[in-house]
Amino acid sequence: MGQRDRAGSAGGAWMALRGLLETVPGREWRNGASPGNAARAVPAAVDIQPACLGLYCGRTVLAVNGSVETYGDCGVCPRGQRTDDHKICRECLGSPDRYDWLYLGFMAMLPLVLHWFFIEWYSGKKRSWQRGSVTVLLSRSSSALLQHLTALLECSAAAVVTLLLSDPVGSLHIRSCRVKKLSDWYTMLYNPSPDYITTVHCTHEAVYPLYTIVFIYYAFCLVLMMLLRPLLVKKIACGLGRSDRFKSIYAALYFFPILTVLQAVGGGLLYYAFPYIILVLSLVTLAVYLSASEVEFFKDLLVRKKRLVVLFSHWLLHAYGIISISKLDKLEQDLPLLALVPAPALFYLMTAKYTEPSRILSEGGNGH
């Protein structure tokens, strides 16, 4: 009777242990498993292929037969695909979210802002030149305005053409892979080396197409500039002198390679930092401009229309930076932040008279 009770308690313990094991995910034991034949107990579903090494190596789907997929060897994923959680290369079918579009907008604005800066920088003062018996006057503002509009046309056309040529071709919509972390931008740094000798190259665009689409856009900007700007400058900017008229174009031939290298090396860092870069640079440049223009009161802004244009342009950049940081996920909380856009300019106008260098020097000389 005692032996039967011990056998019953042992059997009950085993059944309880088996029930506990069956609750563990991935551990559904086949019928017939017992402590005596535990070595023969196998999981119901077994992955016969080992997982790929590295963060971005994956298996390409070779064929699909119903619900059964046939995979290739571990390696680099084709363009437009990235690995999923099971190290399988999957095609990216999503669309860029709001933050991705804001990033692309920032990268598209960079050459346009630089174009406008160098056009203003190299636009000469009012000049005159002789055309036959007629003396032609060309003001700096009219020449610069036409060049500004041409630069805007070039960048806008380049952006539209880039979107139309992106997948799906012929549509302004693009499909993209989701950005998960900073390393997605630098897959070349995560190629595995199993034996510390041979490297398995799995470099691909895990953030497709946010990385390469910027290069394509810059290429179209450069081509359109070389096709349109020289003809325009030759026609309308004759009063700038032969040495000055093409300097804004020469400047673009320098800053486009710089922007390309910046995107190639720091694209991932720019993706996460661009909202703060916009805010800091726009605040600094606005303060420098107002100081250089000797603007101390609001009425000084009304003296020239250009000052108002520059002020409103910086306000747009402030708003763009605030929207990029907040992402407008909660409109009722984020929209009131846009009321802070004029704050830096108002603060400058309120405090400029107290920081006038001549006043500080005079007060210092008087012993105050």
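Any Cβ shown, glycine's included, is placed from N, Cα and C.
If you check TrEMBL, you get these features:
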TRANSMEM  101-123  transmembrane segment
TRANSMEM  208-228  transmembrane segment
TRANSMEM  249-270  transmembrane segment
TRANSMEM  276-295  transmembrane segment
TRANSMEM  307-323  transmembrane segment
TRANSMEM  335-352  transmembrane segment
Do at least three CB pairs under 8 A connect the transmembrane segment (249-270) and the transmembrane segment (101-123), leaving out pairs fewer than 6 apart in sequence?
yes
Long-range environment of the transmembrane segment (249-270) - Cβ separation under 8 angstroms, sequence gap at least 6
103, 106-107, 110-111, 114-115, 118, 121-122, 182-186, 207, 210-211, 214-215, 218, 221-222, 225-226, 229-230, 233, 277
Applying the under-8 angstroms CB criterion, which one of 208-228, 276-295, 335-352 scores highest with the transmembrane segment (307-323)?
276-295
Long-range environment of the transmembrane segment (276-295) - Cβ separation under 8 angstroms, sequence gap at least 6
106, 270, 301, 307, 310-311, 314, 317-318, 320-322, 324-325, 344-345, 348-349, 352
